[in-house]
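*Asks:* What follows is a single structure, and I will ask about it in a moment.
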């Protein structure tokens, strides 16, 4: 006998969030505190310098994730409220959940976790993986499903990051492998397990409108402007950070121009595809992250930005339809084209960079803040921290394999769990519709017979 769906789907979300926030409140009361202020002026100046150097980058990243990414996901005309709000909810939920797990794993000393801005920044980086992954199933999953997905993804991400960065010693200052590649294939694994053998049919509310595409385009522009902060924030505030900013700007500028060129060539009459422009312009930022702080000529950043944009546009044009037909793989936002393919290109570029970079500049290759160890910086001395170039290149390839393999497997298992009826997956006729989750003001004041909200409510009632 099949398990019936929840008879009160509207109560699942507040119950889930209430239990989570209550447990977190208790955890913070018992175990979390701030660093003790030091009376030494040198320590005080060090903390002040760290705040003044990090917080502007942190603010930029906040704008990227809350505003830029939220608007980028608002290309669905009847799902704008949901895209923005669920993105905002998942960011806060995942950040707090990552803060707890990172604190227990890496910062739990003498029964206390000492909170600082660096730890908060790292937890926000972990939350980024969730925001990217949900793009594969955007509009077809309930908020409870998304929260369960975040609950499962964060610990897997932290484990894979430890293996990739700490155990293998992979160089990835901008999160190309650890964040973009991992989150892409985790999201695709969830999508494959959730929809399994059939690709969801094209929904009548799935097609963007000029207004919704304009919102998404504005989101892309915000992400484009602030992306160098995301890549450079974990670098040492010196030549490495300066180089990371310059390389990111060059790569993203090249990807913007290449996207316009490639889209014009592929589309009829030379017209541009807004989908290509919204995603391809950001592909350079995804690819450059893994090599942004390495000593390489500026032309390499431009070439990498152009190549990643070309791969992204070709992926939208040819690979996505092919994967849909052959593998019945559903990818609502095209995260494979924006995060997966450029991430693989960036990882390959890091292998080449390790092999060809001259030894006299190797001391600055990986000067970046520790991804797991508080405020202390870890500057690698000598040739790749004592490794040969060939060994480091193999580690880069191994990190990519770990990110893809671990994320796919974990995504498939998570997607299978999301099929549980109790998580209130929306019926097909109510997908991509804000009225299922929001009280729309004009509809509430002047409902019309046969309106979309009324039909949605009746359909949900019949399902329940």
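Heads up, the Cβ atoms here are built off N, Cα and C, so glycines get one too.
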*Asks:* Under TrEMBL, which of the candidate ranges 340-358, 359-377 is annotated transmembrane segment?
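*Replies:* Transmembrane segment, as annotated by TrEMBL, spans 340-358.
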*Asks:* Out of 421-442, 443-464, let me know the one TrEMBL marks region 'Disordered'.
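*Replies:* Checking TrEMBL against the ranges 421-442, 443-464, the region 'Disordered' one is 443-464.
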*Asks:* Mean pLDDT for the domain 'Ammonium transporter AmtB-like' (24-421), rounded to an integer?
*Replies:* 90
*Asks:* Cβ pairs under 8 Å with the transmembrane segment (12-34): which stretch of 88-108, 214-234, 246-266, 299-319 has the most?
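*Replies:* Stretch with maximum Cβ contacts: 88-108.
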*Asks:* Between the transmembrane segment (340-358) and the transmembrane segment (88-108), are there three or more C-beta pairs closer than 8 Å, counting only pairs 6 or more apart along the chain?
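*Replies:* Contact criterion not met.
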*Asks:* Do the transmembrane segment (162-188) and the transmembrane segment (54-76) come close, with at least three CB pairs under 8 A (pairs 6 or more apart in sequence)?
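*Replies:* They are not in contact.
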*Asks:* Applying the under-8 angstroms CB criterion, which one of 54-76, 120-141, 246-266, 299-319, 397-418 scores highest with the transmembrane segment (214-234)?
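*Replies:* Out of the listed stretches, 54-76 contacts the transmembrane segment (214-234) most.
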*Asks:* Where, among 54-76, 299-319, 397-418, do we find the most CB pairs under 8 A to the transmembrane segment (246-266)?
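*Replies:* Stretch with maximum Cβ contacts: 299-319.
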